[in-house]
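> These came from TrEMBL, pasted as-is:
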| type | residues | note |
| --- | --- | --- |
| ACT_SITE | His309 | active site, proton donor |
| BINDING | His309, Asn310, Phe311, Arg312, His313, Asp350, Asp459, Gln510 | AMP binding site |
| BINDING | His313, His349, Asp350, Asp459 | Zn(2+) 1 binding site |
| BINDING | Asp350 | Zn(2+) 2 binding site |
| DOMAIN | 233-554 | domain 'PDEase' |
Amino acid sequence: MCICVSACESASSSAPGTLPFISIGKAASLTLGSSGLTIRASRQNLCGCLREEKEVNMGSSSSSYAPKTIYLDVDGKVQKVVFSRHCSPCDIKELLCSSSHIPRNTAIMMVDPEGALVSIDPTMPTNSPNFLYKVVPLSTGQLGEKEDMFQNVLSQVADQFSRAFRINELKTEVTNRLAMLEKRVELEGLKVVEIEKCKNDLKKLRDEMTSRGGGRVNCPCKYNFDDGKKVTPRRDVPNYPKYTLSQETVEALKKPTFDVWHWEHNEMLSCLEYMYHDLGLVKEFNMNPITLKRWLLAIQENYRSNPFHNFRHCFCVSQMMYGMIHLCNLQEKLTLTDMGILMTAAVCHDLDHPGYNNTYQINAHTELAVRYNDISPLENHHCAVAFQIFSLPECNIFANVDPEAFKQIRQTIITLILATDMARHGEILDSFKQKVDNFDFTNEEHVTCLKMVLIKCCDISNEVRPTEVAEPWVDCLLEEYFMQSDREKSEGLPVAPFMDRDKVTKPTAQIGFIKFVLIPMFETVMKLFPQIEEIMVQPLRDSRDHYEELKQIDDAMTEAQKKKTENMSLGGKKK
């Protein structure tokens, strides 16, 4: 317990019979009453965390308390300090700091008038008001030795830790790895710069060739075939949404009346996935379900955003194939391998279609036409992209198929996709007509020809669907045709009349196609599968009649406009 009297004069100014107020450790007081001496003290530990209030009642004649008194020189004034012998050196230092108006926790020393150091502890010698002690804060320089010692201790501890945990070795290893990474980043950065430079050089070269050769080189369907960045799906499988198809949707998927316009891409992917499971293809080919998802994602990513030849068209053709398999009871007539080939060919049949047909590719001498010698350049490219995707282990749904069996599957899928080239339409249909009357499902040649006709039917089957589903497809196809014809005009290439926006109308575009292409082909298939007449052939006839009526209306309006113009012309001459 420490007792501090704020000034020597305070004792003489106290009232008789009472002890003057005495500060004890900055938080205590003493009063003398009739019952003796009362001390109220607050004791606080060094951390300032524990504070304990005590009240001690002492007799006035107590002699156990033997305080020690010293006198300080504080700014020229005498300061009397009284403390108990039981005070710790830290408490005494705190008391001396408080008495000398020095901040707490300051390092101090105490000197006598002769400059000699006085130890700060309960055993320090007492002095008199004529021999004053002085409390002096230690300067930074004086603390230097202690700090050096402290730093030496820290260094020794750090060395021990370094040896124990191999810090220096780890630091060297991390530094080396960082240097390697920085080097790699630098090299990659240089590669990017070089790639950008090459791209700019190619662009300049194309611009120069365009200015010299009429603009044929700068064609969007001229791309680097070896660039595989599109082939791998950008989305990973965990982000592939899971949809549960209702029973109504499951039944609708089996019919040509299915409305393909009401579905988002993710929903169409789920429908395609369901078809493979429903037909038993996943089990038949021992497909990994996750691989099937990845493959479908890769397929979707590799269809371009053309007005017509896009992923929705892919889904449309695949759904029609799924519907014809059920409608014609092909499960009873063909093998599961055949159905897997039909579905997969339908899914892949227009992969990476550039939006410009074979006629343009050949006339413009594009890279595809040159590569495939003007023989079905687009269809050959669709096959190549399809099997480029299959070459990725994570997308190969036929990975568990015997190599010899896969070789046959690959060959048949290629045959079916090449059959979608409309330039071969007459040849394929004539071959099928020769076989249909005596068709043999055990004859491999007959079955292959049937599969070629089936994929052709599905590829151009939009008019089989209800008018509200089919007619938007006509608008999409005409938009793509007009884009091509505009380009052909700008490049000085031949323009097909059915693609010329100045010559073709929706009725004229559809009537001839329905009458001379669709109906003859579907009626031939109807000989083998009579059940399609009501569901597929009759809608084609109705669609033909619908467009013929529209053509009559257009012709009547054109004739009326022509007469009106002639009358106006005659009226002008009379005047």
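Keep in mind that glycine also has a Cβ here, set from the backbone N, Cα and C atoms.
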> Enumerate same-chain residues with a sequence separation of six or more from His313 (AMP binding site) and a Cβ-Cβ distance below 8 A; give 'none' if the list is empty.
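Listed in sequence order: Tyr303, Asp350.
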> Between Gln510 (AMP binding site) and the residue listed as 'active site, proton donor', how far is it from one CA atom to the other, in Å?
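A Cα-Cα distance of 18 Å.
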> Excluding His313, His349, Asp350, Asp459, please set out which residues of the same chain place their CB within 8 Å of the center of the CB atoms of the Zn(2+) 1 site, keeping sequence order.
His309, Cys314, Val317, Ala346, His353, Thr420
> Hey, of the binding-site residues listed (Asp350, Asp459), which one tops the CB count within 10 A?
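Of the binding-site residues Asp350, Asp459, the highest Cβ count within 10 Å belongs to Asp350.
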> Measure from the Cβ of Arg312 (AMP binding site) and count the other Cβ atoms within 10 Å, all protein chains considered.
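18, counting other Cβ atoms within 10 Å of Arg312 (AMP binding site).
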> Enter the number of other CB atoms within 10 angstroms of the CB of Gln510 (AMP binding site).
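The answer is 25.
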> With the cut-off set at 10 Å between Cβ atoms, which of these recorded positions ends up with the most neighbours? Options: His309, His349.
His349
> What is the biggest Cα to Cα gap, in Å, among His309, Asn310, Phe311, Arg312, His313, Asp350, Asp459, Gln510, the residues listed as binding AMP?
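Across His309, Asn310, Phe311, Arg312, His313, Asp350, Asp459, Gln510, the two farthest Cα atoms sit 23 Å apart.
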> Sorry to bug you, but what's the C-alpha spacing from His349 (Zn(2+) 1 binding site) to Asp459 (AMP binding site), rounded to the closest Å?
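Answer for this pair: 9 Å between alpha carbons.
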> In whole Å, note down how far the CA of His349 (Zn(2+) 1 binding site) lies from the CA of His309 (active site, proton donor).
10
